[in-house]
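> Here's the feature list from Swiss-Prot:
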type: BINDING; residues: R48, R54; note: NADP(+) binding site
type: BINDING; residues: R125, S126, S127, N238, A239, G278, K293, P294, T295, S296, S297, R319; note: FMN binding site
Amino acid sequence: MSGNSIGQNFVVTTFGESHGVALGCIIDGCPPGLELTVEDMQHDLDRRRPGTSRYTTARREADEVRILSGVFEGKTTGTSIGLLIENTDQRSQDYSDIKDTFRPGHADYTYQQKYGMRDYRGGGRSSARETAMRVAAGAVAKKYLKQVHGIEIHGYLAQLGPISADTIDLTQIEQNAFFFPDASKLEALDEYMRGLRKSGDSIGAKITVAATGVPVGLGEPVFDRLDADIAHALMGINAVKGVEIGDGFGVVTQKGSQGRDLMSPQGFASNHAGGVLGGISSGQPVVAHIALKPTSSISVPGQSMTVQGETIDMITKGRHDPCVGIRAVPIAEAMLAIVLMDHLLRHRAQNQDVTSQTPVIGMR
């Protein structure tokens, strides 16, 4: 398995499985001198970790991260940063019944066919448990981005099933278990999720993530465009089936006169492009949306097959999220942060001495 790393100058490599001894990651390329403690990462890990509300999986993991290397006297040294989180609440016996059975909608079948074997305990490497390390690495990037460049990243649950946010109040996001920006919809969300649990089913979601303070110039055309790398990173999150930058698929019904983001020295008139033009950041907020499919592990019976090719009806046992979108908010933030961090370092390496006679467009 070779696809365990992301980035060129800021490189994050993760390892570990859902029911293994531990999860870990190596961060290469973090500049020296950044003040970094466990607490800097723990906040986002606590936002992602399981068992924190009745709307998520009942699996309880402390997700306490340990810094193994790359930090001395509270500051990064410029060497590889090693991070580790131990798994403490595995119940592998919950999965003994599916040892020789493929769960429909999961990676069981494709992993078996590709590698000739699979870790059936909680999905092994394909489990969203792996994303804990992405969040830890993303927290390092988020701190650098904010402290050195003034870039801030915020994500929120924009839609859960049929319920979408009508108003966006960023102050509400951390005040509820849904990371939802519209307080008027919280009661409806709670009622919907309670009904979903009773039915044994699951539901999909849409997440919006945005970065403010991003300077002009990030992105490496043509194949490493900023929006292409953002889409690549976000699409790599478990259960994500769609990514939009800016207006995304909404541009299909737009006319050129509607979606061209008129500009003046004082600022852009709109941000349909999501802060990226020609694969390069424009200085506007970088905005992306992701669609996550409903959890496939549900207690509603469904047809599947065994390793031997026999057809069966099955119910997936274990502890699962009825909506993976709720805990995916900090994951989306982390992946956007990792991409922006990587592109900042790449831009600095090639273009830090570049000057332009054109004034930078302001922010309205």
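Cβ coordinates are placed from backbone N, Cα and C, and glycine is handled just like the others.
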> Which of the three DSSP states, helix, strand or coil, fits R48 (NADP(+) binding site)?
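In three-state terms, R48 (NADP(+) binding site) counts as helix.
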> Suppose we draw a 10 Å sphere around the Cβ of A239 (FMN binding site). How many other Cβ atoms does it contain, all chains included?
20
> Just to confirm: which same-chain residues, 6+ apart in sequence, have a Cβ under 8 Å from the Cβ of S127 (FMN binding site)?
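S127 (FMN binding site) has long-range Cβ partners E17, S18, N238.
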> Using CB atoms and a 10 A radius, I'd like the single residue among the binding-site residues R48, R125, K293 with the highest neighbour count.
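Comparing the binding-site residues R48, R125, K293, the most crowded Cβ belongs to R48.
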> Can you tell me how far the Cα of R125 (FMN binding site) sits from the Cα of R48 (NADP(+) binding site), in Å?
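Cα to Cα, R125 (FMN binding site) and R48 (NADP(+) binding site) are separated by 18 Å.
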